[in-house]
Ligand code: 4NP
């Protein structure tokens, strides 16, 4: 199966990607940090905004789960800037693409639509799979989630570079 094409930008030359999970402390902050890093490396930071939120509001304002932060730090990423946010209607209006970490998050977003995909609709290794919630599990779930985030981020950035008006480094 092929990875999904990106929906078109609402504003030419600009693009906003929102990563969504349940609590916004484990998976979606990891996806946000990794995707932003790849966007920066590709020279796309002026064009592309990356953010994350949770469908639940329990962790609004909190920093990320220490296990996600440790996995990111061990691979050279900076997890320190994260503060939890909750999904509201503005995310549907402002973001060109919302990426749900699992099928339950996708259902909470109203299901797949042009601008709502599963995060792993952009994972060439297993298109359309869930990023399993690592919250109640061991460290392995966090390192697996990070590997998935790195594959998806590379795929999304390659797709962003093909959008008209979005210019980065060649
Ligand atoms: P996340 O993991 O959705 O990947 O951030 C969770 C974090 C917190 C909770 C559930 C999942 N919670 O129930 O508080």
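Glycine is treated like the rest: Cβ placed from N, Cα and C.
Please treat TrEMBL annotations as automatic predictions, because they have not gone through curation.
Pulled from TrEMBL:
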- 21: active site, nucleophile (ACT_SITE)
- 27: active site (ACT_SITE)
- 133: active site, proton donor (ACT_SITE)
- 15-159: domain 'Phosphotyrosine protein phosphatase I' (DOMAIN)
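All features noted in TrEMBL, drawn onto the structure.
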residue : record                    : Cβ within 10 Å
21      : active site, nucleophile  : 30
27      : active site               : 34
133     : active site, proton donor : 18
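Look at residue 21 (active site, nucleophile): DSSP puts it in a strand. Residue counts for the domain 'Phosphotyrosine protein phosphatase I' (15-159) under DSSP (helix as H, G, I; strand as E, B; rest coil) come to 61 helix, 23 strand, 61 coil. Separating the Cα atoms of residue 27 (active site) and residue 133 (active site, proton donor) is a whole-number distance of 7 Å. Residue 133 (active site, proton donor) is 9 Å away from residue 21 (active site, nucleophile) when you measure Cα to Cα. Per-residue pLDDT, averaged over the domain 'Phosphotyrosine protein phosphatase I' (15-159), rounds to 98.
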